[in-house]
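Summarising the annotation, TrEMBL assigns active site, proton donor/acceptor to E178. Sequence annotations record features per position, and here TrEMBL assigns Zn(2+) binding site to H21, E24, H116. Feature annotation from TrEMBL assigns N-acetyl-L-aspartate binding site to R63, E178, Y288. Feature annotation from TrEMBL assigns substrate binding site to N70, R71, Y164, A165, T166, T167, R168. For 11-206, the entry in TrEMBL reads domain 'Succinylglutamate desuccinylase/Aspartoacylase catalytic'. According to TrEMBL, the domain 'AstE/AspA barrel-sandwich hybrid' annotation covers 219-298.
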Amino acid sequence: MTSCHVTEDPIKKVAIFGGTHGNELTGVFLVKRWLENGTEIQRTGLEVKPFITNPRAVKKCTRYIDCDLNRVFDPENLGKKMSKDLPYEVRRAQEINHLFGPKDNEYSYDIIFDLHNTTSNMGCTLILEDSRNDFLIQMCHYIKTSLAPLPCYVYLIEHPSLKYATTRSIAKYPVGVEVGPQPQGVLRADILDQMRKMIKHALDFIHNFNEGEEFPPCAIEVYKIMEKVDYPRNENGDIAAIIHPNLQDQDWKPLHPGDPVFLTLDGKIIPLGGGSTVYPVFVNEAAYYEKKEAFAKATKLTLNARSIRSSLP
C-alpha cells in the first residue's frame, strides 16, 4: 500500500434511492420520511436528494411491474427509443438516467445510495462495484468503524462476466445499502434503525471529506462474488432440494468442501463440492427464486485505499 495521498473533488450532489424494489420497505419508508422532512440527511454545502425510484411497484408493494429495475441500467436499455411499448422499468430507467445522470457523464450525481432489504441473514451490508476506488473504500471503512461493534459487511460485485447494470451505477460513486433479514412487504424497527445509521455515517463521512479532513491509508475486508449457485432441479426444471438447515441463515460464514448445502425431501444431503472454502451470500433470498439463485459463493480478500482529501478551493 502506497503512502501517497489522492486528492479528489469535493462531493456536491448525493441521491438516496428507495423503492428500487417496491416490496423492500425500509428504503421506501425512510425516503418518504426524508421527502417530508429531510433535516437529518442535510449537510452544509451538500445537495442531498431522496427519491422513490419505482413508484408503481411501491404502490403495489411488489418487486417490480415488468422487469427488475436494478438490472436495466445498461447502454442498450438506456439507449432504446422511448415508447409506451417498452417495459415500465426500462422507461423508468431512462427517466432516472435523465434526472441523475446521464451515466458516464461529468454532470451525473456524485454519489447514489440505493437502499435495499434482503430476506437473507446478511445484517448490514455495503455493496461495492469497484475494487480500486480509494474514495469508496475509505467511505466503507468509515461506516464500518462507526457502526462497530455492530458488524457491517462489504460485498464486492466486480466480476468479469456477471454484469448487474444497477440503478445506482449512473453515479460516479455507486453504493448499495442492503440490510436484512426482513420479509418482503414488512417493516422491522431494528432493520430500519440500522439502515438509518448507515446513511447517517455515510453522510458524515462526505461532510468531513468536504470540510478538508484527510483520511489516512486504510484497509477493509470484503467478500468478492465468485459465482451464483442454483438449486438442484429435476428433469422438469423444478426445485429438487432446498437449503440445508446447517446453511440457512449462515451468510458470511465459511463454507467448507463437504459441508451440507442442500437437502432433498428424501433426506439426501448434497454437500459443497470443489476444493476451497467459500463464503455464502444471499442464502435462500426470496427474490432470487425467479433468478434461479440459491446463494452466491464469495471469496474473502482485503482492499487497500490510499490517503484521501478533498481539493478545497
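Note that Cβ sites are derived from N, Cα and C of the backbone, with glycine treated the same way.
All features noted in TrEMBL, drawn onto the structure.
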| residue | record | CB count, 10 Å |
| --- | --- | --- |
| H21 | Zn(2+) binding site | 26 |
| E24 | Zn(2+) binding site | 28 |
| R63 | N-acetyl-L-aspartate binding site | 21 |
| R71 | substrate binding site | 17 |
| H116 | Zn(2+) binding site | 24 |
| A165 | substrate binding site | 17 |
| T166 | substrate binding site | 22 |
| T167 | substrate binding site | 29 |
| E178 | active site, proton donor/acceptor | 24 |
| Y288 | N-acetyl-L-aspartate binding site | 19 |
Cα proximity to Y288 (N-acetyl-L-aspartate binding site), best match among recorded positions H21, T167, E178: H21
Residue from H21, R63, E178 whose C-alpha is spatially nearest that of N70 (substrate binding site), among the recorded positions: H21
Recorded positions clustered about H21 (Zn(2+) binding site) [Cα within 10 Å; pool: R63, R71, A165, T166, E178]: R63
Model confidence over the domain 'AstE/AspA barrel-sandwich hybrid' (219-298), averaged pLDDT: 97
DSSP-derived helix, strand and coil totals, residue by residue, for the domain 'AstE/AspA barrel-sandwich hybrid' (219-298): 3 helix, 33 strand, 44 coil
Integer Å distance between the CA atoms belonging to H116 (Zn(2+) binding site) and R168 (substrate binding site): 12
T167 (substrate binding site) to H116 (Zn(2+) binding site) - Cα separation in whole Å: 12
Minimum Cα separation from H116 (Zn(2+) binding site), reported as the residue among recorded positions R71, A165, E178 that achieves it: E178
Alpha-carbon spacing, E24 (Zn(2+) binding site) to R63 (N-acetyl-L-aspartate binding site), which is rounded to whole Å: 7
Output field, N-acetyl-L-aspartate shell: CB within 8 Å of site CB centroid, site R63, E178, Y288 dropped: H21, E24, H116, N117, T118, T119, F282, E285, A286, A287
Pairwise CA distance, the residue listed as 'active site, proton donor/acceptor' versus T166 (substrate binding site), rounded so that it is a whole Å: 13
Local Cβ density at N70 (substrate binding site) - other Cβ atoms counted within 10 Å: 24
